[in-house]
Amino acid sequence: MKNLVTTLFIYFLVILFLCNKHSKYVVGFRPQRRGGRSTRFYDFKVQTTRITKLCNTKDIPTINGMYPGPVVYAQEDDKVIIRVTNESPYNITIHWHGIRQRLSCWSDGPSYITQCPIQTGQNFTYEFTLVQQKGTFFWHAHVSWLRATVYGAIVVYPKKGVPYPFKFPYEEHIIILGEFWMKDMVQIEKEVLASGGAPPPADAFTINGQPGPNYNCSADDIFKIDAVPGKTYLLRLINAALNQEHFVAIANHRLTIVEVDAEYTKPLTTDRVMLGPGQTLNVLVTADKPIARYSMAMGPYQSAKNVSFQNITAIAYFQYFGATANGLSLPAALPHFDDHLAAKTVMDGLRSLNPVTVPKDIDRNLFVTIGLNVQKCRSKNPQKDCQAKGGGVMAASMNNISFSKPNISILEAYYKNISGYFTQDFPGVPLKFYDFVYGAPNNPPNDTNSLNGTRTYVLDYGTKVQLILQDTSTVSTENHPIHLHGYSFYVVGYGTGNYDPDTANFNLVDPPYMNTIGVPVGGWAAIRFVADNPGAWFMHCHLEIHLSWGLSVVLIVKNGEGPLERLPHPPKDLPRC
């Protein structure tokens, strides 16, 4: 018996090592929970890796040669230390999406916001503590468009002895949604931004890096979950796509949402879910149907008008043990690509698991419009450089100001009091009020221009903030996944049309606590948070093309009074620009 126990223990350690070092997102895994705070060490090497997909072979940037990249496993309140060594020809930073970086803004990762990029041959060590955080997160590159292939999951388990607030699943699986282009992403980015026009659609959607049988040369490139009849599975859904929001469904099966953006929710059962880039969902699915192979489908939600997009569904399999291996799979039904109601219905039903303490006495009311712009063409070669509507150049903005990244880290400039790189005059309300949804200027490029600037908005420590995010119809209304670094926030209100404080209904009892909110097409969202984490925090649309066009702003939160309210000194190995 003693030898058997020893053998099983060694076997467990080997499995744990392999899942951390070589995880390919195909193994259902439940690491043993440990007591007390631990320190987790990871070594990330940025490398170029040759892969073949869609009958095409190309080199892509990866972490440790893996696509998707390695999983970071941890436990609530653990300290995580990740050394990133850049062995690739590209500048790189890594963002730990959803991690609130309590007093560790230097490790947040967005390029030229909290750090300069890690250049070829250099390294930087990210350190942060998972203070009161557990659930599904992810990491991704936050420079250029490299996050198209440089991404991976972060799974943070509850403390030892703390159960899930739902039935413990038989097995857990990470499901990462992505997009794949056959052409080099760095080259695509340069060409798109130089053209002034829109980006090309992805050549394929992927589920854990695999397109599935609907795409050329992909009959064997399929992710599969082997399901035991009668068992319940926890699926950790992550949308790591670059420019597309997605519907997800499993044929003939219901999905029960139990967590959104790494925060528990009241169970919400639905036939399908929609995730924007940057959003995570944990869902339970029970294998309670006849033995068969069921399709897990990923298709587009395209809310903007007159935009080309990929409309071929990516497929994975939810396959029962005993099903015919090569048999036909039962198809999953997805909503139509522009089914706004299907996207909105799930959001309408989300509630925090328990009543929460929502900021009530608001100190700062902010109103921020979000949307697209077309700038006037100033090129001597307009046919090549001004391919937007009306012969203009595409842009995007918040409060009609397109954000321009500096050539130095804003956090470093703020901390060291280096002037000339940014201003502190981002307006807390639009420069001009009008009918944002039904009467917006729309004669590009004559009345669709935005201002440019590296403007920030400054908040005192402890400020209770309410922020209204309002979509506009200039160029097109669209569902915008807005992500706030360094914080989670309560989504207290959400609706269509123009925000009206006299008619808006707010949930101040159990609103969902999120870090990325899909501001609905032609609508608004109201969020609240307390500015109690000092630093320079990026808020931006998680559609990468919109970020490149300037749909972002930086919120600077000042230091508080005591040592636990002040940002520490920058790390010694902070990269230089």
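Glycine residues also receive a Cβ, built from the backbone N, Cα and C atoms like all the rest.
What TrEMBL lists as domain 'Plastocyanin-like' is 46-160, 171-322, 446-560. Marked as signal peptide by TrEMBL: 1-28.
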What does the DSSP secondary structure composition of the domain 'Plastocyanin-like' (46-160) look like, as residue counts for helix, strand and coil?
6 helix, 58 strand, 51 coil
To what whole number does the mean pLDDT across the domain 'Plastocyanin-like' (171-322) round?
97
Per DSSP, what is the helix/strand/coil residue tally across the domain 'Plastocyanin-like' (446-560)?
6 helix, 58 strand, 51 coil
